[in-house]
Structures are given as C-alpha cells and as structure tokens.
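Chemist: When I checked TrEMBL for this same protein, it listed these features:
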REGION    B:1-20  region 'Disordered'
TRANSMEM  B:47-67  transmembrane segment
TRANSMEM  B:79-99  transmembrane segment
TRANSMEM  B:139-161  transmembrane segment
TRANSMEM  B:167-196  transmembrane segment
TRANSMEM  B:208-227  transmembrane segment
TRANSMEM  B:255-277  transmembrane segment
Amino acid sequence: MNAIQVQDLRKTFKVQKNREGLKGAFADLFKRQYSEVTAVKDISFSIPEGEICGYIGENGAGKSTTIKMLTGILVPTAGSLTVGGFVPYEEREKFVQNIGVVFGQRSQLWWDIGVIESFQLLRKVYRVSEQDFKKRLDELVERLELQDLLNRPVRKLSLGQRMRCELVAALLHNPSILFLDEPTIGLDIVVKSEIREFLKDMNREHGTTILLTTHDLQDIEALCSRVIMLDDGRIIYDGGLDDLKQRWGTGREVQFQFGTATKLQQLIGWTEGMPVTWTAENELAAKVWIPLELNVSDVLGRVVGQADITDIKIIETNTDDIVRSIYQSGSAEKPEERIAALSDEKEVIHV
Amino acid sequence: MSEKLATAVPSSGGSRGGSGENGRRLLLGAYFDFIRIRFLTMLAYRVNYYSGILIYTLNIGVNYFTWRAIYGDGESLGGFTGAQMTTYVAVSWMARAFYFNNLDREISTDIRDGSIAIQFIRPYNYVLVKMMQGLGEGLFRFMMLMIPGMVIATLLFPVQLPTEPSAWAGFLVMLFFSFLISSQINIITGLSAFFVENNEGMMRMKRVVVDLFSGLIVPITLFPDWLSSVLKVLPFQAITYLPGSVFTGRVQGVGIWNVLGIQVIWFLILLIPIVWLNHAARQRLFVQGG
C-alpha cells in the first residue's frame with residue numbers, strides 16, 4: 001500500500017501586484033491587480049510505505065508548497081492526494097494524528113516553557129496515554145541523548161539541541177509518516193550525522209515512511225533510496241539516486257601538479273587522439289576532463305612518462321555537481337546534443 | 001476510515017489513544033494546560049505589570065479630574081451623578097485591565113510570519129487554543145493587575161463599590177462575558193490578516209473603536225442621540241458600558257438580566273463570523289516564507 005499517493009496536484013496562489021510609482025500606488029488603493037502564480041504544476045507520484053524519499057529542488061521550486069499540501073496545511077487548487085489513507089485537508093484534525101512534521105526553520109516547541117513540559121502538552125494534544133508516552137519518550141531521549149536538556153526552557157537550547165528536541169516532539173505520537181522540511185539546516189556536521197543515523201534507525205525499526213526536503217545532498221546520499229527532483233513546480237526526475245549518478249556522471253577530472261613548468265600545448269600533444277579536455281591553471285598545475293567511456297589509466301599512462309609530476313588527484317563527479325547541472329539545465333533528461341554544451345559548462349564551474 | 005488508519009499504522013501498537021472518551025479527556029486537559037502555561041509565562045514576566053498598575057491608576061486619575069471639572073457644581077450628566085461617574089470610570093478601567101489582551105496581534109503575527117503552519121499540523125482547534133491562552137492571560141491580569149489596581153483606585157479616589165454580594169457575583173459573570181466578547185473581536189481582527197496583506201491599520205482602528213464605543217472613555221448615554229442609538233445595536237457596549245452600568249447601580253432588578261442577555265446574545269452572534277473566517281481562511285491560506 002502506498003503511504004502517499006498524489007495525482008495531478010496543483011497549487012495556484014493569487015499574488016497582489018504592486019504598480020509602480022505614486023500613480024500606481026493610488027491606482028492600487030482603488031483597484032488591486034492580482035496575478036496568479038502556480039507553485040506546483042500538476043505533479044503525480046506515489047511513495048510506498050516504509051520508504052525514505054528525498055524531495056529536492058532549487059529555492060522556490062515548490063517543495064515546501066507540496067509538503068504543506070501533503071500535511072493538510074494548504075488546500076490544493078486541483079488534483080487529488082491521499083496520505084496514510086486520509087485526504088489531508090478534509091479531515092485535518094484526524095489526519096494529523098497520523099503524521100509527524102519537522103520544519104527546520106520553525107520551532108514547534110513552546111518558547112517559554114521547559115522541554116519536558118512541551119512534550120507533556122503534546123502528549124495531551126495528540127491524546128497519547130501516559131504509559132505509551134513514557135515508553136516512547138524514554139526510548140527517544142536515550143537514542144538522542146537528551147537527558148540533560150529536558151528541564152531547560154526551549155529558548156536556552158542551542159540549534160542542534162533544539163533540533164533533536166523537535167524530532168522528539170514530532171515523533172512522540174509514533175506517526176507512521178514523517179515529513180521533514182530541511183531538517184538539517186544550519187546544523188554542524190556532528191549533529192547532522194547523528195540525525196541521519198537516527199532517522200535511518202527509525203525507518204528500519206518502525207517502518208516509518210519519511211519524505212524529506214533538503215538542500216544538503218549529503219542528507220539525500222545518506223538516507224534516501226529515491227529522489228524526486230522538482231523544478232519550477234514540475235517533477236523533472238523521479239527515481240533512484242544511483243540511476244541519477246550514472247545517467248549524469250559524465251566523466252572524471254584529474255588534477256596534476258608539475259615539478260617543472262609544463263605548457264598546455266605539450267599536454268594536449270601527449271594525449272593526441274583522445275577525447276579529453278585540458279585546462280591549465282598556471283605553468284605548474286593543470287587538469288584534464290576524461291569522459292566516462294575512456295580509462296583514466298590510459299590518459300595517465302601518456303602523461304606520467306613525459307612530465308615531471310609531483311601530485312595527482314582524481315575527482316569523481318559528485319552529486320552536488322550533478323544536481324547543479326540539472327538545476328542549470330532545468331531538465332533531468334539528457335539529450336545527446338547537450339552533452340557537449342554541458343562539458344563546457346562544467347569547465348566553467350571548475351575553473 | 002478507522003480501518004484505513006489501522007492498516008496505515010501497523011507499527012503503532014495502540015500507542016494512539018486518539019479516539020473515544022480517554023482521548024477527549026486528554027485533549028480537554030491540553031486546553032486547560034494552555035490556560036495554565038500562559039498564566040505561568042505571564043507570571044515569569046510579572047515585573048512588566050507593576051508599571052501597568054501605575055498606568056491604569058493614572059488613567060483613572062486623569063479621567064476622574066476631567067469629569068470633576070466637567071461636572072463643576074452640576075448635579076447630573078446623562079443620568080450619571082458625579083459619584084456614579086467616578087465609580088464608573090474606575091470600574092471601567094479596571095475591567096479593561098482584565099479583558100484586554102493582544103490576541104489580535106498574536107494571531108496576525110502567526111499568520112504573517114508563517115508560524116500558523118505549525119498550528120495547523122496539530123490535532124486541535126487553533127482559535128480555541130488562542131481563546132484559552134487569552135483566558136490564561138485574563139486570569140493573570142485579573143489577579144496581578146485588576147485587583148491591586150482596584151485597591152489603589154479605591155484608596156485614592158472616592159469610588160463607591162456596592163456592598164451586596166449579588167452585585168459582585170453579577171459583575172464577575174458579566175466581566176467574564178466582557179472578556180469573551182472582547183477576545184472574540186480580537187480574534188476576528190487577527191484572522192483578517194488572512195485576507196489583507198497588512199492588518200496593522202485594522203488592529204489600531206479596532207483598539208480605538210473598542211475603547212471609544214464600549215463606553216470606556218465616555219459613557220454611551222453622553223453621546224449624541226443618533227450615535228448612542230447606533231451604538232446600542234453594536235457589540236461594543238456589552239464590553240464596558242453595560243456591566244459598568246450594573247455595577248454602579250444605575251441598572252437594577254430585571255434590567256440586570258437584560259444586560260446579561262445582551263452579552264450572551266452577542267457572544268453567540270460573534271461566534272458566526274469566527275467560524276466562517278476560520279473556514280474561509282483554510283481555502284486562502286498562504287504561508288509566508290516558503
């Protein structure tokens with residue numbers, strides 16, 4: 001059974017237009033002009049139970065709007081959606097019992113009261129019995145090491161501490177679906193990896209379905225088997241992370257440091273007949289871009305014998321680069337004619 | 001639907017007490033907690049309120065001396081004797097110390113900075129939660145602001161408070177309805193932020209309108225006839241003027257029940273726009289900041 005089922009979902013906002021100048025301001029006083037902005041454009045996807053799915057896209061691509069429709073905060077303009085067997089916006093109060101939500105940029109704890117008091121209040125709000133609550137809280141507190149924080153007021157917590165408390169707050173009622181909107185934003189690397197580990201464990205032990213949006217692709221690499229990529233309100237990629245890498249990882253880059261000055265012309269001459277591209281940073285450093293179908297060792301073989309090399313570094317195209325080039329091109333399809341253009345683009349990025 | 005829920009949550013193992021008597025009791029407990037927590041939060045910042053006592057006493061003083069100058073040697077004005085006016089002014093301002101709150105500002109801030117999103121992912125009614133928080137604040141203001149203020153005002157000015165317990169009981173009930181009606185108007189003003197981009201102007205206007213038309217600054221009988229007949233069909237008089245009239249002894253006997261009746265009717269009528277706004281807002285909701 002699918003935990004989340006979305007069909008032709010659309011959300012249109014009416015945005016007030018402000019006309020220019022004094023005249024425009026007066027005109028606005030009497031007759032407002034509105035323009036329609038479609039944030040989410042007829043998207044469809046489904047997420048089976050127990051899956052961790054990454055939902056990525058540039059700022060303003062429509063990620064948060066989708067999450068807000070899935071959690072029952074926003075009412076969609078068109079299309080249908082079911083989450084955990086409910087239509088979120090129709091039976092909001094019943095539906096939200098079943099889900100947990102963490103917004104990285106907003107706190108759901110009460111600022112002025114102690115952490116434990118916030119949890120107690122949420123227990124009552126979500127109607128969790130005392131013994132279930134105790135069991136669940138002990139488990140979460142131990143797992144996230146919150147023992148010392150429980151009696152502090154929320155406003156005295158650091159961001160990392162607060163984020164771990166936010167996770168507990170979202171999970172106290174043991175939801176079967178968890179939505180995370182940029183859960184690791186602003187956190188240091190230690191807390192980030194702690195949270196990733198925790199989410200992985202949770203998914204394994206409780207079968208919790210997780211949908212997360214993030215700008216940190218390491219979150220995606222660590223957690224998600226599947227990625228949905230959004231651009232300008234449309235889904236441009238939906239599938240495995242490995243597929244994405246394979247499809248887009250167009251080559252590798254090798255960086256050379258030379259002991260003696262080496263001219264770019266020489267380098268190009270040595271690799272005559274190979275489809276590689278050289279760029280020189282200065283006389284002592286250069287790099288070469290090698291397409292996937294060519295062996296790195298072949299290229300190295302040609303250079304190593306000739307030049308005085310002090311250091312070699314081989315760089316695989318990482319997910320960041322892949323995603324960046326997809327964002328730039330606005331499509332996850334890879335038409336053949338674009339490859340050439342793309343490799344040029346990559347050079348620009350690396351220089 | 002409950003079947004679907006059960007299949008969707010195989011791992012929960014009955015950790016959810018969401019349905020039935022027990023669940024309702026817990027939710028009710030949560031609503032009471034909102035009263036308690038707001039009360040405790042306000043108590044933590046109680047020093048802020050010591051100046052409040054002074055400000056309210058000053059306001060009473062300013063009004064008292066103004067009215068004394070207006071009365072001069074005159075006997076009565078708009079059906080108020082000089083002594084009644086003094087009591088009316090003191091009682092009105094002290095009632096305001098209780099029923100006044102910033103729910104309008106809190107709600108419109110929630111809407112404008114987008115934190116309303118957090119409110120909508122919880123299985124409770126946002127407006128009811130706000131009302132409970134307002135009540136927590138009201139209880140605090142009653143104890144920390146109104147009662148000490150009242151004592152000081154009675155010592156400084158010739159205020160004549162009624163002696164029979166029934167008048168006090170009636171006043172407290174009416175005061176509670178003043179709070180309800182005033183909070184309802186605040187909630188309506190706050191929710192309007194869903195519909196206008198900036199409701200700052202509305203909130204300011206509301207504040208002036210409530211202070212003026214509720215009879216806090218000038219008792220309604222002193223307005224021109226046409227205006228006071230308009231004000232009689234508006235909800236504002238039920239906040240200050242009517243309960244104040246009862247407490248100063250100008251309205252007695254059956255009249256008291258009439259006053260209470262008017263308050264109850266306004267309370268019920270004002271529920272309608274709140275329910276409607278809350279519903280319409282769900283369709284229009286536009287969460288700011290992504």
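Glycine is treated like the rest: Cβ placed from N, Cα and C.
Note that the structure is a prediction, hence the values are computed from the model and not measured.
Would you situate these features in the structure and describe their surroundings?
Modeler: Nonlocal intrachain contacts for the transmembrane segment (B:79-99), taken as residues 6+ away from its ends with a CB within less than 8 angstroms of a stretch CB, comprise 52, 56, 59-60, 63-64, 67-68, 71, 138, 141-142, 145-146, 149-150, 153-154, 157-161, 175, 178-179, 182-183, 215-216, 219, 221-222, 239-240, 243-245, 247-250.
Long-range neighbours of the transmembrane segment (B:255-277) within the same chain, counting only residues 6 or more positions beyond its ends whose Cβ lies under 8 Å from a Cβ of the stretch, are 127, 170, 173-174, 177-178, 180-181, 184-185, 187-188, 191-192, 194, 235, 238, 242-243, 245-246.
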Chemist: Report, as numbers and ranges, every residue of the chain located at least six residues beyond the transmembrane segment (B:139-161) whose Cβ falls under 8 Å of a Cβ in that stretch; write 'none' if there are none.
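Modeler: Here the qualifying positions are 35, 38-39, 42-43, 46, 49, 52-53, 56-57, 60-61, 64, 83, 86-87, 90-91, 93-95, 97-98, 100-101, 247.
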Chemist: Restricting to the same chain and to residues at least six past its boundaries, which positions have a Cβ under 8 Å from a Cβ of the transmembrane segment (B:47-67)?
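Modeler: Residues 82, 85-86, 89-90, 93-94, 96-97, 141, 144-145, 148-149, 152-153, 156-157, 217.
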